[in-house]
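Quick look at what TrEMBL lists:
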type: TRANSMEM; residues: 12-30; note: transmembrane segment
type: TRANSMEM; residues: 36-52; note: transmembrane segment
type: TRANSMEM; residues: 59-78; note: transmembrane segment
type: TRANSMEM; residues: 90-110; note: transmembrane segment
type: TRANSMEM; residues: 117-143; note: transmembrane segment
type: TRANSMEM; residues: 163-180; note: transmembrane segment
Amino acid sequence: MNDNSKTIVKDIAYSAVFAALIVALAFFSIPTAASVPIVLQNAAIILTGLILGPRRGTYAIILFFLLGLIGLPILAGGRPLLPALAGPTVGYLVGYLLTPFVAGIISAGATLARVRLFVFLALGGVAALLTQYGLGVAGLMLRADQSLKAALTAQIPFLPVDAAKLAAVIVIAFGVHLALPHLRGFKPVAITA
């Protein structure tokens, strides 16, 4: 097998593993008084981009969406994709499509220098979460006929939990990159401060 074939096989394997992780987390949600559960999928999608980078991360989310398009219950609570695309959460789903690319492209500036790696992972994670929120707000405005103020206000209860999930994702991605630098193409070198 030549190097190009090995790369394609690795891309497919890594993307499939992360798509499976995202689907598996559909079945873990925390009910809230506001009837919108706290989910782990949005964090897993950011993690996918931070660990796999923009290309493999985007492959993973495309595979995730393809599974949804064939009717598998891939969304939080075991919901199918197609009805969600017609509802007020469509903006978040579009955000899901873009999130791995945003997280991956920004964090691609990282090196194995610990501080730089952590900073770029944090910047990529924050930008990805803001992408999800921004497109989610747009979806609420378009599909739920909410004003900008109402759509923004609807995000407030989720900010503390999403910030905590994001912090965990950044720490996990940081640890993974230190342990497995080849996932992003880092050459094996000594880790610096």
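Any Cβ shown, glycine's included, is placed from N, Cα and C.
All TrEMBL annotations are machine predictions without curation.
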Taking residues 6+ outside the transmembrane segment (59-78), which of them lie with a CB under 8 Å of any CB in it?
11-12, 14-16, 18-19, 22-23, 26-27, 29, 37, 39, 41, 45, 48, 52, 84, 96-97, 99-100
Between the transmembrane segment (163-180) and the transmembrane segment (36-52), are there three or more C-beta pairs closer than 8 Å, counting only pairs 6 or more apart along the chain?
yes
Distal contacts, the transmembrane segment (90-110) - CB-CB under 8 A, six or more residues away:
41-42, 45-46, 48-50, 52-58, 60-62, 64-65, 81, 84, 116-117, 119-121, 123-125, 127-128, 131-140, 142-143, 173, 177, 184
Under an 8 Å Cβ to Cβ limit, what residues of the same chain, 6 or more beyond the ends of the transmembrane segment (12-30), are close to it?
37-41, 43-45, 47-48, 51-52, 56-57, 59-61, 63-64, 67, 72-79, 183
